[in-house]
Amino acid sequence: MEMRVKHLEKVGEVAKAVVLAKACAECHLVSNQTTFRQTYVSLLCQLLPGEEAIMEISRLDCKDVLDITCNLETEGEDNTAFILCTTFLTQQLQQQSLYCSWELTLLWSKLQRRIDPSLESLLERCLQLGAIAKTVYHLLFLVRVIRTERRIYRLTMHVPQELGKIMDTDTFEKSRLYQLDKSNFSFWSGLYSETEGTLILLLGGIPFVWKVAGTVTARFGLGPEYEILQSLSFLILATLFSAFTGLPWSIYNTFVIEEKHGFNQQTLGFFLKDAVKKFIVTQCILLPVTSLLLYIIKIGGEFFFIYAWLFTLGVSLVLVTIYADYIAPLFDKFTPLPEGELKEEIESMSKSISFPLTKVYVVEGSKRSSHSNAYFYGFFKNKRIVLFDTLLEDYSPLNKDGEPETDTPTEDKSKLKNKKQGCNNPEVLAVLGHELGHWKLGHTVKNIVISQMNSFLCFFLFAVLIGQKELFMAFGFYNSQPTLIGLMIIFQFIFSPYNEVLSFCLTVLSRRFEFQADSFARGMGRASELYSALIKLNKDNLGFPVADWLFSMWHYSHPPLLERLRALGSTKQD
């Protein structure tokens with residue numbers, strides 16, 4: 001019978017194999033019932049995420065699941081063991097069962113770490129499980145797992161052999177600690193965000209704020225018929241709430257984490273002034289655009305979704321055009337790159353690939369952070385390149401502080417060592433060769449086309465769903481169907497699963513584009529310079545070069561450092 005079960009599995013008749021294995025596991029005449037029971041459960045895992053398979057697994061006893069999972073792990077079936085453990089743990093969380101829950105959670109974390117060793121992945125999965133947990137005990141179990149995993153990462157002190165030639169022990173240690181702090185912050189801020197969003201939905205926060213917005217407009221003698229004005233009041237109140245609840249997290253990230261690792265260059269006064277300025281600029285753009293969009297939807301008739309899409313397309317193109325010239329200078333100082341060798345070489349390189357360059361700017365990014373970047377913008381024959389001063393070895397103010405004195409405290413020396421050194425001119429040209437590769441290969445245009453196709457699809461589906469009263473009633477709107485609330489419900493909540501899938505697809509596409517842009521720079525004869533520039537920038541930004549392939553594929557829009565260096569070829573840098 002055991003051979004028969006294996007044969008059915010081999011020929012793809014898994015459902016039949018499940019039935020036969022279950023019958024053998026329950027038959028008292030069969031001597032090796034335990035083996036058939038394990039086979040039965042393993043086969044069920046192959047039928048996931050089928051509802052029937054999930055229900056069958058949820059009926060198992062937790063101790064049996066633990067035994068079978070351990071047996072599968074011993075036999076080298078880590079993936080099957082992890083699937084079984086995750087499925088049963090998920091059911092436990094939903095059913096609020098505490099039976100053997102800690103043992104199961106601990107075993108799950110062990111398998112998770114073996115399959116995907118990155119701490120970020122563990123934090124992400126714990127956050128997902130925490131979102132469906134219905135008891136405080138389960139949440140505490142997950143927090144305990146995270147603390148255990150963090151302890152393991154704290155003990156990882158040595159540079160992996162593959163990184164020995166491109167990263168020293170000191171930089172690796174700083175990168176590791178920076179990554180740990182960011183991961184910890186990401187988990188707690190994400191947990192708070194999920195909790196806040198859930199409470200807003202459960203306690204009727206959205207209809208409450210809409211009612212308050214109506215009260216505000218009523219004070220000016222405006223009734224419910226002035227829906228657009230009430231929508232604008234709602235937006236102001238909602239964004240104010242979001243700004244105030246997010247401010248403590250932003251302050252902690254900037255003045256604790258970024259400050260601790262030597263990146264923050266802002267004072268608290270500058271930070272708060274910047275935050276107020278961002279809020280005002282956002283309102284100046286958001287309110288008129290929203291009011292016009294709502295008006296178009298109101299008067300657009302049957303095909304309003306086409307007009308709404310065309311309007312948002314026009315707005316996005318205008319914003320892209322004016323951002324660097326009129327919006328970005330409100331926050332950062334832009335100055336033309338001085339005449340000299342670097343500017344001449346940039347212009348020469350642009351001319352060699354027919355890039356219509358008109359101006360090259362240096363932005364004073366060092367006054368807020370020591371992270372670096374470079375980008376280009378503009379349409380048609382009016383292209384401009386922007387370089388962060390922290391990217392340029394010869395222009396970065398962070399390189400003008402000099403070496404620390406001999407009596408400088410050790411902590412301050414460490415902080416100074418974290419400062420940017422930037423890239424030399426050939427490396428800057430290699431980075432720009434990568435960026436210009438995006439233009440030459442049409443990546444920017446492709447992204448715009450994909451974005452607008454998605455926007456049109458979303459507006460079309462919005463037109464289909466907006467008439468469903470049940471959607472509004474589910475969110476507490478029983479007597480009215482405001483257009484802005486419909487946009488929020490459909491785009492933010494109904495489209496949420498679709499947005500996750502789309503985000504993953506765009507991440508995969510972005511990584512492909514990055515490899516292609518690297519290849520373009522290599523084709524320009526700048527592989528060696530790009531190789532060294534990537535290493536320098538990774539060190540300057542304390543990027544942690546080790547990443548699990550599955551986690552990075554889902555989350556990283558740019559490939560990890562080692563993948564990019566391998567793709568650049570056999571170029572070596574000591």
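Quick reminder: no glycine exception, Cβ is built from N, Cα and C everywhere.
According to TrEMBL:
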ACT_SITE  GLU435  active site
ACT_SITE  ASP518  active site, proton donor
BINDING   HIS434, HIS438, GLU514  Zn(2+) binding site
DOMAIN    56-150  domain 'Zinc finger protein Rlf/292/654 TPR repeats'
DOMAIN    151-333  domain 'CAAX prenyl protease 1 N-terminal'
DOMAIN    336-570  domain 'Peptidase M48'
REGION    399-421  region 'Disordered'
TRANSMEM  199-222  transmembrane segment
TRANSMEM  234-257  transmembrane segment
TRANSMEM  278-297  transmembrane segment
TRANSMEM  303-324  transmembrane segment
TRANSMEM  456-478  transmembrane segment
TRANSMEM  484-509  transmembrane segment
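Note: the CA-CA distance between the residue listed as 'active site, proton donor' and the residue listed as 'active site' rounds to 9 Å. Between the transmembrane segment (303-324) and the listed ranges 199-222, 234-257, 456-478, 484-509, the one holding the most Cβ pairs under 8 Å is 456-478. Taking the binding-site residues HIS434, HIS438 in turn, the residue surrounded by the fewest other Cβ atoms inside 10 Å of its Cβ turns out to be HIS438. Shown in sequence order, ALA374, TYR375, PHE376, ILE385, ALA517 are the residues of the chain, 6+ apart in sequence, with a C-beta less than 8 angstroms from the C-beta of GLU435 (active site). Of all the recorded positions listed (GLU514, ASP518), GLU514 has the fewest other CB atoms within 10 A of its CB.
The record gives HIS434, HIS438, GLU514 for Zn(2+). Within 8 Å of the mean position of their Cβ atoms, the other Cβ atoms in that chain belong to GLU435, GLY437, HIS443, PHE513, GLN516, ALA517, ASP518, PHE520, ALA521.
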